[in-house]
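As given in Swiss-Prot:
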CARBOHYD  Asn100  N-linked glycosylation site
CARBOHYD  Asn180  N-linked glycosylation site
CARBOHYD  Asn230  N-linked glycosylation site
CARBOHYD  Asn264  N-linked glycosylation site
CARBOHYD  Asn318  N-linked glycosylation site
SIGNAL    1-24  signal peptide
Amino acid sequence: MRAERLSPLLALGLLVAGIRSVHCLPENVVVKDRHRRVDGHTLASSNTDFAFSLYKQLALKNPNKNVMFSPLSVSMALAFLSLGARGPTLTEILEGLKFNLTEIQETQIHQGFQHLLQALNRPRNQLQLSVGNAMFVQEELKLLDKFIEDARVLYSSEAFPTNFRDPEAAKSLINDYVKNKTQGKIEELFKDLSPRTELVLVNYVYFKAQWKTRFDPKHTEQAEFHVSDNKTVEVPMMTLDLETPYFRDEELGCTLVELTYTSNDSALFILPDKGKMQDLEAKLTPEMLTRWRNSLQPRRIHELYLPKFSIKSNYELNDTLSQMGIKKIFTDADLSGITGTADLVVSQVVHGAALDVDEEGTEGAAATGIGIERTFLRIIVRVNRPFLIAVVLKDTQSIIFLGKVTNPSEA
């Protein structure tokens with residue numbers, strides 16, 4: 001029997017152009033506060049805050065559509081860029097990432113991402129997870145030695161000389177790299193490149209895991225999914241009887257079900273009551289997520305209905321990030337920490353993601369029965385209307401994937 005699996009694949013690219021070529025546009029980090037431990041957990045709260053802020057912007061710009069992205073990928077790419085930012089540009093990036101610079105220093109932020117990368121890329125028996133960064137640099141562009149070293153040590157970044165004056169060849173080089181790193185799931189991160197491009201920073205994430213309690217493909221049947229009041233589509237609906245963390249939030253009008261993987265990481269499915277999606281989206285905060293996670297209790301769900309879906313997304317984030325307060329990188333940036341001169345601006349930020357829930361993969365382990373509280377109430381959860389999903393890595397509490405499924409039948 002094959003196990004149902006969840007496979008998010010993600011990539012983000014930051015495209016940096018040189019003002020001088022455009023003419024039309026003008027191993028360890030030493031931190032001062034040695035008593036404060038800086039690791040992946042240090043970033044969790046800020047990253048979650050950034051995740052929900054970005055989600056709200058994308059949902060606003062894409063009403064009644066599927067929304068899929070990796071908060072981790074976007075925040076890591078911007079933090080990577082901030083290595084070369086100076087002055088107000090640096091402050092704007094870090095504050096846009098929801099860091100309180102009166103409480104945490106820049107060096108601590110980079111060290112936190114360094115530890116997070118190391119934690120994410122540790123070998124795992126039950127999980128395929130790969131996270132990384134890369135720089136594609138115009139052949140004659142001279143980068144500062146410190147930037148190259150910091151990029152390598154803190155963000156494990158590879159660097160590739162690239163001829164952007166031949167934009168088609170450069171595009172193929174970058175897209176092929178991302179395609180390879182995401183196991184072929186993201187084929188075209190960049191649809192076009194300008195010959196004036198000087199530098200492209202790329203972050204990618206590949207994640208594949210099997211459910212701890214498997215779905216039986218023989219029980220998957222076509223069923224109705226209510227996209228809206230006046231639109232219904234037929235989708236393959238999986239079904240399962242299991243014991244798993246569950247919470248019914250009467251205050252916000254939603255039902256939460258957490259499904260765990262064999263790696264003990266998890267996917268949190270948030271199903272708003274009919275007509276409650278916008279109210280719920282408006283109230284998404286790190287505090288709300290903490291309340292939900294603390295309220296989840298093991299319950300027997302007699303019938304869980306969950307749609308299969310395969311969704312790809314591609315976003316250009318320039319306007320979105322500007323509305324979130326990260327503006328200077330696109331106009332009057334000071335990225336002098338990259339080359340030593342302030343003549344670079346970011347011309348394009350693109351993000352691609354693909355999320356598959358399907359029947360491939362190996363058999364999952366049996367569900368544990370530790371501390372299960374049985375109830376005589378028969379719980380039935382039908383995920384047959386738009387819902388939210390958050391994939392959370394247990395050891396770092398990082399939201400690696402966040403999205404809204406409005407229509408599972410749309411790729």
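Yeah, the Cβs are placed from backbone N, Cα and C, and that goes for glycine too.
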Inset, instruction - By CA-CA distance, flag whichever of Asn100, Asn180, Asn264, Asn318 among the glycosylation sites is nearest to Asn230 (N-linked glycosylation site). - result: Asn318
Legend entry - Cα-nearest neighbour of Asn100 (N-linked glycosylation site) within the listed glycosylation sites, Asn180, Asn264, Asn318: Asn318
Inset, instruction - Can you check which residues sit near Asn264 (N-linked glycosylation site), meaning Cβ under 8 Å from its Cβ, same chain, 6 or more apart in sequence, and list them in order? - result: Gln126, Lys212, Lys394
Legend entry - Residue, out of the glycosylation sites Asn100, Asn180, Asn318, whose Cβ gathers the largest set of other Cβ atoms within 10 Å: Asn318
Inset, instruction - Could you measure between Asn180 (N-linked glycosylation site) and Asn318 (N-linked glycosylation site) for me? Cα positions, answer in whole angstrom. - result: 26
Legend entry - Count of other CB atoms lying within 10 Å of the CB belonging to Asn230 (N-linked glycosylation site): 6
Legend entry - Asn318 (N-linked glycosylation site) - helix vs strand vs coil (DSSP): helix
Legend entry - Where Asn180 (N-linked glycosylation site) sits in the secondary structure, as DSSP reduces it to three classes: helix
